[in-house]
Amino acid sequence: MSSTTANVLATIGTIFWCVQMIPQIIHNYRRKDTEGLNQWMVLLWCLCAPFFAIYFVSENSSIPIQLQPHLFGFFCLIVYLQVLYYPPVSKPKRDIILRGGLFVFLWLALEVAFIIPLRKEYSKGVKWPLLIFGIIGSVLLAVGLLPPYYELSKRQGRVIGINFIFLATDLSGAVFSLASLAIGDIDTMGCILYSICACLEVGIFMSHAIWWLRFGRRRKPADGDLTQVCTEEDKNTDTQDKDLDAMKSPETLV
């Protein structure tokens, strides 16, 4: 019974992690802007996908598990290209196509070069080479959640550019995967990875909640855009300066 429950929870977590980037893709497309979405976060997630793909394919995991890192990496690549294309980065199209093509080439080269040798070693009971790829992927995934905190520090803790549906989906994937490990066989590396990801994502939610309690409730603009508030304050200051200059001019005094 516990094995069945663990498999169900793991499947749910895998589904969440397969589609988690789709809300962010739609969000970026509608805004035509990716300010606040740190490109290093998305790049590190792109880089972790090939290592997870090699790990799960070489381990001969179930088809859904093997499919998950490929879908995750594909959607991460789309988001990364969006970050390069939309403001504030706005790279030339040629540069974007070159980076995307280079990433796909490196991914395919890594899989072709390592999957067959690692699968042979794994069938002999030698697991440590495969474990290295899993560790590298896990580290890249966890470290990828650190750049958003740099963006938060620049905006008093406010989340900008990151879609909350995407973040909630990613958090749900981590929680369900962690629950599956708690019920089934304990995987130390998996528990550490899922726990770190969940804690960092909860921290992002809490950061925005604290910002909203401190500043967001008192904001006048309907869209709650901090830049709009600053712009309006700058305009008011400029108007006041112009009025003072006009009062001091000789024509006004006469």
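Backbone N, Cα and C atoms are what each Cβ position is placed from, and that goes for glycine too.
Automatic prediction, not curation, is the source of TrEMBL annotations.
Just so it is clear, the model here is predicted, and its values are computed rather than measured.
The transmembrane segment annotation in TrEMBL covers 6-26 (among others). Proximity of distant same-chain residues to the transmembrane segment (6-26), defined by a Cβ-Cβ separation under 8 Å and at least 6 residues beyond the stretch ends, is recorded for 37, 64-65, 67-68, 71-72, 75-76, 78-79, 82, 162-163, 165-166, 169-170, 172-177, 179-181, 183-185.
Sequence annotations record features per position, and here TrEMBL assigns transmembrane segment to 38-58 (among others).
Among the features that TrEMBL reports, transmembrane segment is placed at 70-89 (among others). If you look at the transmembrane segment (70-89), the same-chain residues 6 or more away from its ends with a CB under 8 A from one of its CBs are 17-22, 24-25, 28-29, 31-35, 37, 39, 42-43, 45-46, 49-50, 52-53, 95-96, 99-100, 103-104, 107.
Annotation source TrEMBL lists transmembrane segment at 96-116 (among others).
Sequence annotations record features per position, and here TrEMBL assigns transmembrane segment to 128-150 (among others). Listed as Cβ neighbours of the transmembrane segment (128-150) (distance under 8 Å, sequence separation of 6 or more from its ends, same chain) are residues 38, 40-45, 47-52, 54-55, 58-59, 69, 114, 118, 121-122, 159, 162, 189, 192-193, 196-197, 200-201, 203-204, 207.
The transmembrane segment annotation in TrEMBL covers 162-186 (among others). Within the same chain, residues 2-3, 5-10, 12-17, 19-24, 26-27, 36-37, 148, 194-195, 197-198, 201-202, 204-205 sit at least 6 positions outside the transmembrane segment (162-186) and bring their C-beta atoms closer than 8 Å to a C-beta of that stretch.
According to TrEMBL, the feature transmembrane segment maps to 192-213 (among others).
Taken from TrEMBL, the feature region 'Disordered' applies to 228-254.
Residues annotated as compositional bias 'Basic and acidic residues' in TrEMBL: 232-248.
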